[in-house]
């Protein structure tokens with residue numbers, strides 16, 4: 001009899017625990033776990049840390065305002081500097097924990113490509129906060145992967161168009177990009193745009209030093225020997241800073257028009273001279289005319305400066321905008337659920353086709369989950385109030401105008417654009 | 001023709017200079033201790049971190065900027081003094097006469113420890129200190145602007161090569177090292193303190209690696225992972241020149257650098273593999289390196 005009582009007691013306890021678990025699943029969690037992936041070590045941390053810093057600040061600010069739907073955010077940060085294998089292992093571990101409902105991954109295009117099959121398999125809504133390669137959605141659909149920050153096609157077409165506007169007579173072009181998907185994609189898009197709009201341009205040197213190369217001295221000699229009118233580069237992070245430190249004293253920037261596609265992210269770290277074409281791979285300059293007019297953006301930038309001692313750079317803004325994107329998705333899903341906490345699937349559903357007002361503009365998610373954002377490009381200029389050059393002679397190209405239709409090969413699409421396409425776009429200096 | 005030849009030569013020599021410092025240290029340690037030190041690249045990166053840190057301190061303390069030059073050599077000497085005797089005595093000494101596999105495993109373990117130690121001490125972010133490069137300015141050669149600091153590196157590498165050869169052949173210490181290299185047992189029988197020679201040779205090897213790292217800092221950033229990249233290249237150079245050959249390391253450094261420079265100029269896609277293609281070809285033809293002979297002295 002005692003044994004039966006004991007058995008019934010245990011059964012009752014088990015049932016009550018199961019009931020509690022069911023009830024818990026329908027209630028708001030104690031916190032909303034987010035995995036945040038960025039480079040926080042090595043030379044690439046020069047680019048990745050501002051992103052991580054922005055994540056930290058956004059979480060602080062969102063939590064101070066009551067969290068999302070009353071639930072505070074709780075981040076787990078992952079260093080992409082450990083290599084792709086480690087990134088995949090950490091992603092799998094974090095996604096396997098039910099506390100983590102959404103991922104912000106990753107910075108590197110290579111890591112995003114490696115994570116995409118995992119995102120599909122684990123069905124966790126994931127925001128590619130910085131990865132740019134257009135290949136991510138080119139051949140396969142990834143229903144849980146979203147990239148509100150845009151892709152390489154509009155980004156690097158924009159540079160070619162801007163360069164041709166300010167240097168219409170440039171014929172000899174040199175390229176120095178990192179030796180992986182991002183560098184090669186950018187070179188192909190830049191060359192395709194040149195072929196379409198400046199067919200007599202000649203590529204006189206095309207170099208792909210490995211990511212993380214410590215020295216570029218021979219590459220600088222090679223570029224100098226090629227006597228290019230324009231040098232295009234999408235080096236980034238410590239590589240970009242090393243390149244600028246080594247190239248500037250050797251007169252490379254006074255000899256040729258430099259286009260440093262990711263230059264804005266290094267303006268506060270290294271002395272990029274005036275007159276260099278730089279941009280933000282999207283619309284994420286914290287002090288663009290639109291951002292300057294946005295009170296929330298300026299509050300964020302001031303808080304960032306206060307906390308980290310420097311102004312936010314475009315990786316910071318991409319990360320901050322990714323949080324706004326997630327916040328909007330949760331708010332939409334909560335509203336649709338009548339206030340009930342949404343599942344991962346419901347959050348992913350809310351992200352599909354969303355249009356989000358960010359700190360720096362608007363991001364529109366297409367049917368392939370790629371984001372459409374405007375492209376801001378400018379030329380470095382010194383202005384009062386800043387002890388480093390900022391963007392001047394700016395243009396803001398519409399993201400939609402530079403984005404190939406879903407499913408279309410980008411290189412073929414660029415080749416089919418009419419010769420007068422550049423004339424139909426706004427001109428440098430028009431964005432002020 | 002001359003317009004291409006001059007920049008090719010200057011670039012190759014400038015590249016070779018830094019590689020030489022690391023490779024000659026590796027080859028010196030191998031010739032004396034008969035240990036292939038996988039951790040050698042870590043001393044390069046520790047030297048680089050130490051030089052960048054000291055240089056940054058000199059600048060931030062408001063001291064005269066020219067002090068950043070002696071700071072480069074001082075940092076390397078400091079690294080060698082701290083790590084050389086300590087590592088040789090506590091770790092390397094126990095591998096003498098043991099199998100190569102054990103020596104490689106022990107030094108690889110040391111490499112992993114030193115890599116983590118650097119992250120703990122110097123952090124994970126890049127350090128930049130380019131004062132010596134700025135102070136020296138630049139020079140136009142063959143229509144291309146070169147940093148005078150690059151030319152200084154070439155001169156320092158030549159001086160180091162000559163200095164090492166003179167040290168080996170004209171000083172008591174050098175002759176003792178040569179004797180130990182020639183025959184360890186007979187040297188011991190003659191009363192030479194071989195343990196002391198091993199420690200000194202290892203410390204000199206650490207100094208050369210650290211000096212290479214220190215001298216590289218004014219033109220580049222220092223970040224985690226630097227040691228591994230350098231180590232692989234130094235191995236290729238030492239293998240091409242013939243392990244244990246000082247002049248071999250110098251010639252091999254120039255060959256490898258020239259291969260890289262030619263690749264960057266004419267076949268950029270081969271840039272990363274060029275040194276190893278050269279190594280492959282050399283080792284197929286001369287398996288013990290270009291300068292190896294059975295009869296010549298092994299240092």
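Cβ atoms are placed via backbone N, Cα and C, with glycine included.
TrEMBL entries are annotated by machine, without manual review.
Annotation comment: TrEMBL describes B:12-36, B:43-63, B:69-92, B:104-124, B:144-168, B:197-216, B:273-291 as transmembrane segment.
If you look at the transmembrane segment (B:104-124), the same-chain residues 6 or more away from its ends with a CB under 8 A from one of its CBs are 35-43, 45-46, 49, 53, 87, 91-92, 94-95, 222-224, 227-228, 231. Of the ranges B:43-63, B:197-216, B:273-291, the one with the most Cβ pairs under 8 Å to the transmembrane segment (B:69-92) is B:197-216.
Within the chain, the transmembrane segment (B:273-291) has long-range Cβ neighbours (under 8 A, six or more residues past its boundaries) at 233, 236-243, 245, 247-248, 251-252, 255-256, 259-260, 262-263.
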